[in-house]
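Notes to accompany the following structure.
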Amino acid sequence: MEQVFEYLAFSAPGWGGNLLRGLVSTLQIALGAYALGMSIGILGALGKIHGGPILRGALEVYTTLIRAVPELVLILLLFYAGQDAINVILTSLGFERVILDGLWVGIYVIGFVQGAYSTEVFRGAFGAVAPGQIEAARAIGMSRLKVQTRVVIPLMLPFALPGLANLWLITTKDTALLAVVGVSELALETRQAAGATRAYFLFYVAAGCLYLLVTLVSNQIFAWLERRLRRGQPVQG
Amino acid sequence: MQWYWLPEYLPAFAEGLWLTVQLLTLAIVFGMALAVPIGLVQVTGPLPLAWLARGFCTVIRGTPLLIQLWLIYYGLGSLFPFVPAIRESFLWPILRDAFPYAVFAFTLSVAGYEGEVMRGAFRGVPKGELEAARALGMSPFQVLRRVWLPRALQNVFPTLAGEFILTLKATPLAATITVFEVYGIGTIVRQETFRIYEPLLFVAAIYLVLTGILILFFRWMESRMPRRRA
């Protein structure tokens, strides 16, 4: 039992500090990727609803392909493709090749994957806004942009929230896959700690507890958000 | 793009594909066998069992499958050799191999996610149907087998089909514990040929086709389910 505390101690011989640093990067990557995914999702959904045939077709290919291929395969593909693309641009401009920081690669890779899922969530939510509300906003003389920001998006959010909450939980758990491409986050830190001390069981349980904590806290936040966003709406049930 | 390596590795991919199919099928069969009681006790009680089932679902759904997989393979796997009783038992040859650990981890995952789905499914069956079954003199087990379970499964079948496709897309994780299914074979090809994209794209295409086949299969199963017509 004493050894458990020794292993999990925050300072040097213990690995607790490494695990917590891993947790911080995991949260940073997850938050960044989630923000990126949501931005892609809102634009993608608007594109799917209002876009021309070419844009709609392209978005359909994007959401279908991303959702049909395993995340791990996508992460590897995007990881290499992103690095290569940036280096091709940099070398053609006469700069040196760079190795991107794991944090940013993680955000871009997971965000791009999440974008496909959130596009579908937002598409459904936009479709659930009553047309009368939009007509009323237009009748008052709001511009197209104002109709979106003042009426459609606030009304759409409560419909999107359950799906988005789910996606956040998936995002936090998907970041663990980045360990496979060597991005330093909780899963990789854990694997290193476990490998160095041979206390596999202890460290994987510890990491599991940290992930579980993130999930449970997130659940509380989303429950609060949902109550807030649904203010003034008829109670369902 | 260079594909010269493909003919050489096709047999390996076929073996990997077989492993993927086995892993997926076993995980779904065993996982659902656990998910049904896990969902059921959360509706019927007794309370301690319901809490246990609830906690299990929360833990499984709240932690990454990758961590579960590593915990089971490296964690449990590193404890087993220290127990002489296990090392001398007939189970040892099985426990030395990685595949059973993968099946176990994926089974638990399916049980956790689908246990939650089944809880909603059992709750969603109208009370009147269960009362009618009981009024006909069916025993509680008969009610479950003839009415409650079939009706529950029928209602959530599309959800379950979607979940099973997610399970298929999670199977590449098994490669991280040396189970060389399709994705694992892809990694071997990448290491041996130094090609980055082609093996990954080939693997992605295989999963695309597998997903498509599964969708068609589930749609066909759904079409065979009896539906009440208005």
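Using the three backbone atoms N, Cα and C, a Cβ is placed for every residue, glycine included.
Record features (TrEMBL):
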type: DOMAIN; residues: A:23-222; note: domain 'ABC transmembrane type-1'
type: TRANSMEM; residues: A:27-47; note: transmembrane segment
type: TRANSMEM; residues: A:59-82; note: transmembrane segment
type: TRANSMEM; residues: A:94-113; note: transmembrane segment
type: TRANSMEM; residues: A:151-170; note: transmembrane segment
type: TRANSMEM; residues: A:201-225; note: transmembrane segment
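Against the transmembrane segment (A:27-47), stretch A:94-113 shows more Cβ pairs under 8 Å than any other of A:59-82, A:94-113, A:151-170. Away from its own ends, the transmembrane segment (A:94-113) comes close to residues 25, 28-30, 32-37, 40, 66, 71, 74-75, 78-79, 82-83, 86-87, 171, 174-175, 178, 181-185 of its chain (Cβ-Cβ under 8 Å, at least six residues beyond either end). Residues 30, 34, 37-38, 42, 114, 117-118, 121-122, 124-126, 128-130, 133-134, 136-137, 142, 215, 218-219, 222, 225-226, 229-230, 233 of the same chain lie 6 or more positions beyond the ends of the transmembrane segment (A:151-170) yet place their CB under 8 Å from a CB of it.
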